[in-house]
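Below is one structure, written out as structure tokens; comments come after it.
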Ligand code: NAD
Ligand code: IPM
Ligand code: MN
């Protein structure tokens, strides 16, 4: 097949991990006889440096004209001034909103060889296989922001707003996913305090009754969920939750898999177009040192192949290659066990590409 893929490396370790993702795409193209046309664009801090804006119109146009988007990460200390007019993160939020990417799928599985890489007890990690469906274009991230000076000094506010339609569409994605998996759906909210959460709960409960009565359904408060994720992670199948809760819970869940560098994600709209990125950030503490784990990005490439290009065999091939490379002990420091030889970012990507090539 022929496909156009927009590649947005971004900042920090973004370009390092995306280079390995691209390597893997090229290995897949070669092995399966596809033509992937890769087109690079600017987003985040590098875009601010080049154009003054975190999301140049050109980048949005490039993404709209593509079949899928592969993104690294944005941000870093260089652009962190709280007084700055623009921030790299606005680029990421902007592209999610511009393309209507409301459903962010963040799967969490634990490779058997990496059970020792997690700080958690091995017997709790065996068989972890959950997916968080994070609402991505609403809530407190996108509500009105204010910062003003009043008689008592400065004040600020971030409005958290959700509409019924925004809740329904993302819960439907989660429900359909649960149906294809183990049939369990957990709504995570803070309905004991927040009005938006009470809206989520009443809409979701009704929708499940009307459209997903075959699923096992539960609700859970977000603070308790943070605890249960660590205490009994194998009990979860599909978690659906609002934007900020999903952001926080998935960084926590990454430690089940052993590292932030292991969790991929797919951000989906109504159609086929999707944006694929690791859940981690630009990791300024390790940028430029060849230490970044590229597997979250490579696993995001697998999600891209499956969801946007409808290439399940190719996706499975990438996932199997990642598992093989972990089995062979070719891993970066974040998931290495004591005494293990540590591989560089490039060495891990090379190894995955070589396995795909056969
Ligand atoms: P981070 O995810 O960049 O890093 C957190 C920790 O995890 C660091 O110790 C880092 O070294 C480690 N880590 C992350 N990815 C790794 C990888 N692939 N391999 C090995 N170790 C890895 O979060 P942060 O430090 O809080 O944020 C840094 C910057 O990234 C900020 O500017 C933030 O806004 C931005 N950020 C961007 C995204 C994104 O682009 N999607 C996501 C999160 C944070
Ligand atoms: C993520 C990041 C972003 C988010 C930031 C950088 C805007 O943390 O993709 O998880 O909060 O969504
Ligand atoms: Mn995050």
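Positions of Cβ are set from backbone N, Cα and C atoms, glycine also.
Going by TrEMBL, these are the annotated features:
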- 76-89, 281-293: NAD(+) binding site (BINDING)
- 96, 106, 134, 223: substrate binding site (BINDING)
- 223, 247, 251: Mg(2+) binding site (BINDING)
- 4-352: domain 'Isopropylmalate dehydrogenase-like' (DOMAIN)
- 141: site 'Important for catalysis' (SITE)
- 190: site 'Important for catalysis' (SITE)
- Task: Please work out the number of neighbouring Cβ atoms within 10 Å of the Cβ of residue 247 (Mg(2+) binding site), leaving out its own Cβ.
- Result: 18
- When the Cβ positions of the binding-site residues 76, 84, 96, 106, 134, 223 are compared with the atoms of ligand 3, which fall under 6 Å? none
- Query: Cβ under 6 Å from ligand 1: which of the recorded positions 96, 106, 141, 223, 283, 287 qualify?
  - Reply: 283
- Message: Around the Mg(2+) site formed by 223, 247, 251, which additional residues qualify by having Cβ within 8 Å of the site's Cβ center?
- Response: 222, 226, 244, 245, 246, 248, 249, 250, 252
- Query: Considering only the binding-site residues 76, 106, 247, which possess a Cβ situated under 6 angstroms from at least one atom of ligand 2?
  - Reply: 247
- When you tally the Cβ atoms that lie within 10 Å of each candidate's Cβ, which of the recorded positions (96, 134, 190, 291) has the highest tally? 134
- Message: Checking the contact step here: among the recorded positions 76, 84, 134, 190, 291, which have a Cα within 10 Å of the Cα of residue 247 (Mg(2+) binding site)?
- Response: 134
- Rounded to an integer, what is the Cα-Cα distance in Å between residue 251 (Mg(2+) binding site) and residue 223 (substrate binding site)? 14
